[in-house]
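K.L.:
Quick one: this structure, given as structure tokens, is what I'll be asking you about.
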Amino acid sequence: MDALLQLKGIDKAFPGVKALSGAALNVYPGRVMALVGENGAGKSTMMKVLTGIYTRDAGSLLWLGKETTFNGPKSSQEAGIGIIHQELNLIPQLTIAENIFLGREFVNRFGKIDWKKMYAEADHLLAKLNLRFKSDKLVGELSIGDQQMVEIAKVLSFESKVIIMDEPTDALTDTETDSLFRVIRELKSQGRGIVYISHRMKEIFEICDDVTVFRDGQFIAEREVATLTEDSLIEMMVGRKLEDQYPHLDNAPGEIRLKVDNLCGPGVNDVSFVLRKGEILGISGLMGTGRTELMKVLYGAMPRTSGYVTLEGHEVVTRSPQDGLANGIVYISEDRKRDGLVLGMSVKENMSLTALDYFSRAGGSLKHKDEQQAVGDFIRLFNVKTPSMEQAIGLLSGGNQQKVAIARGLMTRPKVLILDEPTRGVDVGAKKEIYQLINQFKADGLSIILVSSEMPEVLGMSDRIIVMHEGHLSGEFTREQATQEVLMAAAVGKLNRVNQE
């Protein structure tokens, strides 16, 4: 089968770094090509070379059988290559239709915008994606998941022959993911080629036909997905066997440290649970069931309307995140780029931001040596891959950004560490490093709450698991009781089993 798009022998170097060396990628009509590799493997650089953001140092790009060079995203888009970025690229103050057709508005014979036609076309695109809202809605009123679907509708509006999807389901619910997969299958039947960049093995084996593996900027292999297992694919990605993906630590938890009684707040109804010293408590449930809201009410980022929280026997009232930090409760957000990190600031500044009290003199000036020492220690402990602590954090891979976000929380010396989706957007190698760090915190006696949409992660790492359904607690299970089936039954409200201590 002839490829729609073929990149061969692609080299790209930056000062001191060879980002791509002999990289290759083929995209075939009517097939989905997964592009996989650890963070820093060269996937993003390859996409930037393809779309003309970067100029390749060597190699060839064949588009529809002809040697081609794109001089920027506009030229590749007009040629028929659409890309859906992981970072949303929408204007919240405009409607869905205005975002989809921005700069390409329909005009009538009098030169005025044909609003009726534009909204009708946009509604048609949304209907193709099985979405329940109309295109006259403001983008800013949509959830992150729905905004992602608008991005997909926008690319579909270009009638692209090849569509690149970069972690497209990262913020989508299961229903939205099913809708996306239905659309991908429709696009395949129309003869379009899809590049599907993802860390999610389950999705790759469900929706992709072929897979291309990158490692350290090099092309490793192209295979049919049907010929692989998850383990063999991961081994190609990391270049080593991944023994025991979830390294659980069997240390018995200690006495009760945190007690939550009848907690209520936005999206949270009458939730009670306990957390012990040296325990990992998993929080499971479907998206939108109140898991993140519960954590934010506990931490002080959302208002508590009723209920009691005691920490080491003393009542805690958290009206703000500052109250949470002051009481020894740290929350690491699921959206590290919006709530967690300041991307334009350095690794050092991000890591020490919430712990400046520890590095300040009585007059308010900073003890820079102490700050540098502490940041350096955490960089070594967490194996953060960065040229220096002065590097802008936005230039680090997702896994290294997440390590910095967790390190920042630990700098305040907390008693309770809340990790909300700690491995989202993180490659398989960095995931294991984060799991090992979590076990280290547990061994040191830290109390950890692990919120995750990945059931194997919750099952593999937790000592005990509670499940949320529609703002309520619908189940509480020991590690031995918990299975994927039991957690899913509780998550959809078919099972209600809560053990109160």
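Glycine too: its Cβ is placed from the backbone N, Cα and C atoms.
Swiss-Prot lists these features:
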- GLY37, GLU38, ASN39, GLY40, ALA41, GLY42, LYS43, SER44: ATP binding site (BINDING)
- 5-241: domain 'ABC transporter 1' (DOMAIN)
- 252-495: domain 'ABC transporter 2' (DOMAIN)
K.L.:
Around the C-beta of LYS43 (ATP binding site), how many further C-beta atoms are within 10 angstroms, looking at every protein chain?
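P.N.:
LYS43 (ATP binding site): 23 neighbouring Cβ atoms within 10 Å.
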K.L.:
Around GLY37 (ATP binding site), how many other C-beta atoms are within 10 angstroms of its C-beta?
P.N.:
26
K.L.:
According to DSSP, folded down to helix, strand and coil, what is GLY37 (ATP binding site)?
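P.N.:
Looking at the DSSP assignment, GLY37 (ATP binding site) belongs to neither helix nor strand, so coil.
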K.L.:
Pop the mean pLDDT for the domain 'ABC transporter 2' (252-495) in here, whole number is fine.
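P.N.:
Here the predicted model's pLDDT, averaged over the domain 'ABC transporter 2' (252-495), is 88.
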K.L.:
Which number gives the other C-beta atoms within 10 angstroms of the C-beta of GLY40 (ATP binding site), all protein chains shown included?
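P.N.:
Result for GLY40 (ATP binding site): 23 neighbouring Cβ atoms inside 10 Å.
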K.L.:
Measuring CB to CB from SER44 (ATP binding site), give everything in the same chain under 8 Å that is also at least six residues away in sequence.
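P.N.:
Listed in sequence order, they are ASP166.
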